[in-house]
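Student: One structure is given below, represented as structure tokens, and several questions about it will come after.
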Amino acid sequence: MPSPSYNRHIIIASCFCCLLIFSSAARVPKASKKHLARVKQLLNDEAERHNTLIQSDSVTVFDDIQRNPNTGVHHDELAVNNADEYFQGDVDLSEQQVKIIEDQFTQGKREKRKIGRNPLYKKWDTRGPISFDYAESIPFQTRQKIRSAMLLWQQHTCLRFEEGGPNVDRLEFFDGGGCSSFVGRVGGTQGISISTPGCDVVGIISHEIGHALGIFHEQARPDQERHIAINYNNIPLSRWNNFQAVGENHAETYNLPYDTGSVMHYGPYGFASDPYTPTIRTLERVQQSTIGQRAGPSFLDYQAINMAYGCTESCADLPCLRNGYTHPNNCSMCACPEGLSGRYCEQVYPSNAQCGGVIFATKEVKYITSPNYPDKFPIDTECNWIIAAPIEGRVFMEFEGDFDFLCEDTCDKAYVEVKYHSDKRLTGARYCCSLLPKNRFISFKNEMIIIMRGYRSSGAGFKAKFWSNLGEPEGVSTPLPPTTAPLPEISETTQKPEPTTVQSTTTYTTAIPRRTAKKQFFTRKPITIPLTPLTSSSTTTESTTVSSTTQSTTWLPTEPSFATGETEITTASPTITLFPSLSTILPPINSLAGVLPSTQAPDIINSVLECGCGAWSEWQGECSQQCGGCGHRLRKRECKKEACRKEEKRPCNFSACPDGTNFLINNAEFHILWRGCCVGLFRSGDQCSALETESNPFFKIINSLLNIQDAKNNDTLIAKRMMRGEH
């Protein structure tokens, strides 16, 4: 006969299995509309008090901006959602989070945020991948886009995702009629609503995943008022809460700068009463068309997650240039801001057309243009330039001539971007549409980065002239900015040919296009590319009467080269770096400098294709239990591999069992009830629903019965039984 101790452990294990199964199967409920409305009213009241103090000073900054009637409306989550259903436009709150926020108002602790802090917002356990699933309401095409958005986060951070993984705390993508997510981990199965159509855009999905990982909206940072102004005169009073920041005691900015190019930033016309007047105005006027992009996470969005989850703590610090930092997926190279590449961000990112490169600015005016200017540039063009002045100089730039790109409120598909800040992590001023920018740009230091993108459309593009306030450097000089590690003196040998008249012919070398996630959903093996040395490659920089050629050797993947005909525009080959070589002062440069590392971030998203599984059957039979949320229905599929999941269960019959019912024994199942609900659920009226593990009173009792060794022994076994459907 089994001992009492043995029986006790069997009962405890059974209860724990029930807890795991049902806390993962039923999505965490959102706060009630009544409680959500109460929090919004508190925020509205505070916004009104704050606005009374500042409105007279800030309202004038909107007088000179009116929406171009020919501008297309930029699509984002706010265009899909009913604002009454969400906190800050697309954020779900649990009842516990609502209570904590209300308590903060009561206690007078109002701060601001970027990344969620405990106890209100929790981070995920990174000792393993984050488990996720899809509800039946998510179609196949949308699932592919969700995987693509996850790969963006996975390739640039240390976080990993696993489809159908075993964790109790997990994500479930479903169609809830809008685009929304909780912020951070809330415990159990938490939903991310991706409505189709409407939210099924990779950029919007990456925004909602960003929330789930713990990121708030960028415009709600503590330094908000130093970067943007809110036009409360153009926002209904009931929507003011969407522009307020929430406590610093709930969040951490990690001293990262404000980023107008964040995928988490509102667009300029969100919640506008008058659709032709913005609700958000960037104080740097040239950034107005930058805010609100939904192409994908920015460099600083990735860095925020890497810092929050300690992704580079196990790596040694590298002497990364231009505000790069050690790559979380490859400790031997740097993660580089947009437009830069190389092991230490010492190179310009390769372009995929006849454009880009590194060009020295002098007092003499030079030009760059989009490919084929003034004819149309090819669709999906990517160009990157570094314009460098002498070390103490500045770069000046102005646009002229025809200017033509796809026209939207936010420029995130086809545009030219000017990165003039000394901090190269910051997204620059973006311009699109057909109105020629009238600004003169001046770099903060001696470098300016120009980025041009032509996704989904074609147009004439741009022409820009640039120059420096100083002349050509005479001998040994480098435009490289100071690094985090001391560098020895750098020298360079330049061949100076005899003065001659320049022929207007430039030879280009095709560069490797930027890798994107859409063709790498389930790549598991490292990608390697054969390399060919390009010996003594040269680039010619035109001036009025003199040609100067700088020779260098660059390793790049083998690609054909081609020549262009005559052109009026000076440019440089995108594969040539005019900066001195760092090979003598730093470790050998990665032979794949300029593209993603050959040792790619491991892709551990499970693929139905790998398993060779067929379609799921319909849900079979009646629910195995009549009440309490304990029962389940079953569906099956055929798979080629035994290790793949062939059966799936989902809970059913969530009506509470009659009072006094303490357990259910039926259909070869045994379930313990807690107030009429299966363990892992809690009673709300006559229904059973999910409850966060940390708040579950029955879990606490179970936990107190287990000693430390019991927990260690049972943990893995229970998880395996769960996956086999043994409970």
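Yeah, the Cβs are placed from backbone N, Cα and C, and that goes for glycine too.
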Student: Among CYS17, CYS18, CYS158, CYS179, find the residue that Swiss-Prot gives as the disulfide bond partner of CYS311.
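Tutor: Within the candidate set CYS17, CYS18, CYS158, CYS179, Swiss-Prot assigns the bond with CYS311 to CYS158.
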Student: Which of these, CYS345, CYS355, CYS411, shares a disulfide with CYS383 in Swiss-Prot?
Tutor: CYS355
Student: If you look at what Swiss-Prot says, which of CYS639, CYS644, CYS652 makes a disulfide link with CYS623?
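Tutor: Here Swiss-Prot pairs CYS623 in a disulfide with CYS652.
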Student: Swiss-Prot annotation: CYS411 disulfide-bonded to which of CYS407, CYS432?
Tutor: CYS432
Student: Look at the disulfide annotations in Swiss-Prot and name the partner of CYS657 from this list: CYS627, CYS630, CYS678, CYS688.
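Tutor: It is CYS627, per the disulfide annotation in Swiss-Prot.
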Student: Give the residue from the binding-site residues HIS207, HIS217 that has the most other Cβ atoms within 10 Å of its Cβ, counting over every protein chain displayed.
Tutor: HIS207
Student: Let me know the model's mean pLDDT on the domain 'Peptidase M12A' (113-312).
Tutor: 91
Student: Quick one: of the recorded positions CYS179, GLU208, CYS311, ASN330, CYS383, which has its CA closest to the CA of CYS652 (disulfide bond)?
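Tutor: Closest by Cα distance to CYS652 (disulfide bond) among the recorded positions CYS179, GLU208, CYS311, ASN330, CYS383: CYS179.
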Student: Compute the mean position of the Cβ atoms of HIS207, HIS211, HIS217, which form the recorded Zn(2+) site, and then list in sequence order the other residues of that chain whose Cβ is within 8 Å of it.
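Tutor: What remains near the Cβ centre is GLU77, ASP90, VAL91, SER181, VAL183, GLU208, GLY210, ILE215, PHE216, VAL263, MET264.
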Student: Taking the Cα of CYS179 (disulfide bond) as the centre, which of the recorded positions listed as GLU208, HIS217, CYS623, CYS639, CYS657 lie within 10 Å of it?
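Tutor: Of GLU208, HIS217, CYS623, CYS639, CYS657, within range: GLU208.
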Student: Go through CYS432, CYS623, CYS657, the listed disulfide-bonded residues, and name the one with the sparsest Cβ surroundings, counting other Cβ atoms within 10 Å.
Tutor: CYS623
Student: Can you tell me how far the Cα of GLU208 (active site) sits from the Cα of CYS199 (disulfide bond), in Å?
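Tutor: For GLU208 (active site) versus CYS199 (disulfide bond), the Cα atoms are 10 Å apart.
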Student: With every protein chain in view, how many other Cβ atoms are within 10 Å of the Cβ of CYS627 (disulfide bond)?
Tutor: 21
Student: If you draw a 10 Å sphere on the Cβ of CYS383 (disulfide bond), how many other Cβ atoms land inside?
Tutor: 31
